[in-house]
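**Student:** Right, I'll just put the structure down here and ask away after.
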């Protein structure tokens with residue numbers, strides 16, 4: 001029987017028995033033997049078998065070579081981790097049947113499980129025997145649990161005189177559930193019974209009806225009215241639950257009910273355990289124990305004498321099942337409890353009547369009722385259905401928990417079956433079962449996943465197994481005497497203690513390893529609130545606290561800001577590359593991640609302050625201005641926001657922003673002299689310093705901190721932004737950066753977010769000079785780098801070199817000479833042999849002019865040479881057809897590189913003698929110098945010094961690309 005329907009079906013920690021009978025430790029894993037998977041699995045862990053070996057002639061039935069090595073081999077009731085159901089024996093029975101060598105030898109029917117071929121060859125009589133045996137085993141497990149469930153549902157003392165009859169109603173409902181699952185489930189081996197997921201809710205409904213009737217003033221009521229009202233309320237609630245589950249499955253929204261937070265479910269399951277413990281104590285002591293305050297009733301010798309044997313027995317069974325692995329352990333424990341009890345009566349000479357009088361056994365009913373007479377309790381004339389409406393909150397909670405539990409049961413069966421199941425269809429099956437059960441006066445139920453898996457492992461694909469369980473349960477119902485009148489109370493008390501220990505230790509202790517600390521605290525919070533108030537309040541408050549925990553986690557983790565090192569994918573000449581290496585850190589790139597809302601604004605502002613660097617003198621001057629402004633506006637609100645100047649150009653806005661902090665921006669040398677500092681605030685409001693003192697030996701290095709000029713916010717990973725964050729975060733960041741002459745740039749901004757940025761005047765209007773908003777981060781970086789080059793007065797060589805006109809096609813050899821690096825041998829620096837003259841250039845270099853949109857070469861074409869960009873720009877990209885052909889998730893063309901003046905196109909393919917992997921396309925009117933492979937080889941022979949310069953250009957281009965890619969966070 002599945003102990004806790006709502007428990008999550010997570011993989012269990014397993015311990016595997018040794019091949020020679022030696023047991024491993026509690027936390028040991030699977031055997032490290034070569035294994036090959038089978039088609040079945042247990043839980044989330046694939047079932048594996050050791051490689052088969054030849055069976056000996058003396059023992060042809062030796063199945064030790066097929067010893068499974070996963071959860072299925074753990075034997076009877078091995079302790080697992082969250083969640084686990086170790087106190088029921090259907091999973092242990094499965095484990096034992098599929099377990100060690102002794103188990104297999106002692107149970108000949110399991111040969112069919114271990115060896116599919118033998119199972120197929122077994123005669124029909126053997127199949128019938130197997131069906132009969134598994135049907136009896138399932139029934140033996142179900143019946144005691146159903147009796148315990150009946151005592152939990154009707155735990156109020158008012159129901160005790162009718163307990164024998166109510167037990168038969170629960171058994172009848174279990175048979176009805178099993179009939180529905182056997183006939184309508186897609187799984188022929190399905191086991192479905194009254195389940196404990198809705199057990200506590202039914203018990204709460206029953207107790208609340210009794211309490212409400214007791215509180216009615218000036219009205220008398222009979223127990224017949226109480227029974228009728230309670231039974232009708234529970235039956236109608238069960239039927240309505242079935243309708244709700246069917247609708248949920250029909251609408252295909254089974255995943256919706258799985259939104260219930262797991263810590264809340266854990267607290268509820270721990271409460272189930274505590275509830276079972278109180279029910280067991282109440283039954284054994286014959287006292288009313290409904291909350292911890294009632295435990296004081298046990299503080300007397302008679303009560304302690306009655307409850308102590310059951311509690312001790314439950315604890316002993318729990319530890320026995322935790323340590324020993326055998327199919328017969330749990331049934332033997334159950335039989336031993338009965339045997340020891342009656343042996344004590346025999347030895348002490350105590351009669352059964354004396355034991356009943358002393359409170360050890362429930363008294364038999366005065367007049368045993370048949371099932372037909374029991375159904376006479378359902379009397380419409382005696383039922384007061386006005387008590388049905390107050391149960392609505394409890395019913396809603398029951399719906400979510402039962403639906404959640406059933407979905408997890410189906411998921412557990414699905415993982416073990418190895419075949420996908422339709423969760424919505426199976427939820428409809430559960431709904432149909434509850435509808436029929438409710439219409440026939442029954443109680444809630446669902447799949448019993450562990451017994452279903454147990455039957456599946458036996459390869460019993462016949463529905464006869466389920467029908468046999470139905471017949472055996474009906475036989476117990478039709479029995480003319482009361483079963484509980486001959487079974488000691490300590491038997492059921494021990495079973496309920498076993499359930500309580502397992503659930504409470506699992507969710508209130510072992511779960512700390514499966515959850516975050518805050519989630520583990522929610523488990524305890526939910527458990528305490530349920531005990532202090534009631535079930536519904538505990539679930540509602542638990543969900544509320546879980547929601548606040550989610551919000552807190554979202555603020556602290558999801559909406560994050562990361563500083564990254566990025567460079568644009570633009571290849572430039574050596575002068576520009578060298579300058580950008582020194583100034584690249586003046587571009588601060590921050591990657592935003594998650595959903596940005598009002599709760600993450602403070603954190604984002606702190607990150608911007610932490611990464612932006614300004615000169616010390618600027619920061620100190622700004623701090624003095626802020627202090628002066630605060631004194632002047634001590635009793636005023638924050639200053640008004642500046643208006644947007646749509647006609648001003650971007651570059652003029654930069655100059656104005658720079659002038660707001662100082663008349664001129666300090667040079668790099670001034671930065672190094674006075675140092676830099678962040679905009680972080682100390683506890684007292686003072687700015688925190690980060691000096692720029694570089695050791696002398698590291699001074700020549702190109703990468704070091706410089707004053708921030710640009711701050712890029714990349715929205716590629718942002719999933720949404722709310723309106724509050726626009727004002728409290730981005731507008732504040734823009735104002736802060738404007739005060740220090742730092743340009744704020746945005747990239748990868750979604751359309752809706754862009755609209756909010758413009759409405760809130762964070763982004764300026766686009767103009768002829770560009771925009772603060774760019775489609776990609778690469779384009780934003782390219783623009784920032786261009787602005788740095790312009791600010792440093794570095795112009796393209798093509799604008800300063802003299803031109804040699806020859807109908808617009810003559811090579812500008814002097815330009816190419818300047819673009820090429822010097823000869824690697826410094827001794828030849830002034831040698832005429834390294835000078836690229838017009839005459840030499842005409843021998844090898846071919847001028848090429850490409851208009852915008854024209855291809856330089858295309859992917860897949862043969863490599864015939866390489867190109868040097870004289871002026872213009874060329875995009876190298878992976879075409880969309882090739883990009884999309886890489887697999888799912890790739891779409892559109894992907895830009896690999898932009899090559900500007902002085903860059904080389906096709907150098908890597910030129911060296912590797914490969915076909916072009918990308919396409920090169922001119923993005924403006926572009927002048928190219930083309931050097932073919934043939935002429936390059938001739939140049940190496942006739943003009944080796946000039947060829948060395950071309951080779952040096954290729955090596956420097958590739959080396960620079962490798963170095964920058966190592967530094968950048970790509």
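Glycine residues also receive a Cβ, built from the backbone N, Cα and C atoms like all the rest.
Per TrEMBL, the feature region 'Disordered' maps to 1-39, 620-675. As annotated by TrEMBL, transmembrane segment applies to 131-154, 197-214, 226-247, 259-277, 298-321, 327-347, 396-415, 435-454, 466-484, 516-533, 539-559. Positions annotated as domain 'STAS' by TrEMBL: 586-784. Positions annotated as compositional bias 'Low complexity' by TrEMBL: 620-634, 652-668. Residues or ranges marked as compositional bias 'Polar residues' by TrEMBL: 635-651. Annotation comment: TrEMBL describes 853-957 as domain 'Cyclic nucleotide-binding'.
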**Student:** For the transmembrane segment (197-214), name the stretch out of 259-277, 327-347, 516-533 with the most CB-CB pairs under 8 Å.
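**Tutor:** By the under-8 Å Cβ criterion, the transmembrane segment (197-214) pairs most with 259-277.
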**Student:** Could you check whether the transmembrane segment (435-454) and the transmembrane segment (327-347) come into contact, where contact means at least 3 Cβ pairs under 8 Å with the two residues of each pair 6 or more apart in sequence?
**Tutor:** no
**Student:** Does the transmembrane segment (396-415) reach the transmembrane segment (226-247), going by 3 or more CB pairs under 8 Å (6 or more apart in sequence)?
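**Tutor:** These two segments touch.
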**Student:** Which whole-number mean pLDDT does the model give the domain 'Cyclic nucleotide-binding' (853-957)?
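**Tutor:** Taking every residue in the domain 'Cyclic nucleotide-binding' (853-957) and averaging pLDDT yields 89.
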**Student:** In the same chain, which residue numbers or ranges, 6 or more beyond the ends of the transmembrane segment (259-277), come under 8 angstroms Cβ to Cβ?
**Tutor:** 4, 6-8, 82-83, 148, 152, 196, 199-200, 203, 400-401, 404, 496-497, 499-504, 506-508, 511, 515, 519-520, 522-527, 530-531, 535, 538-539, 542-543, 546
**Student:** Which residues of the same chain, at least 6 past either end of the transmembrane segment (516-533), have a Cβ under 8 Å from a Cβ in it?
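**Tutor:** Distant contacts of the transmembrane segment (516-533): 261-264, 266-268, 270-271, 274, 291-292, 507-508, 539, 541-542, 545-546, 549, 552-553.
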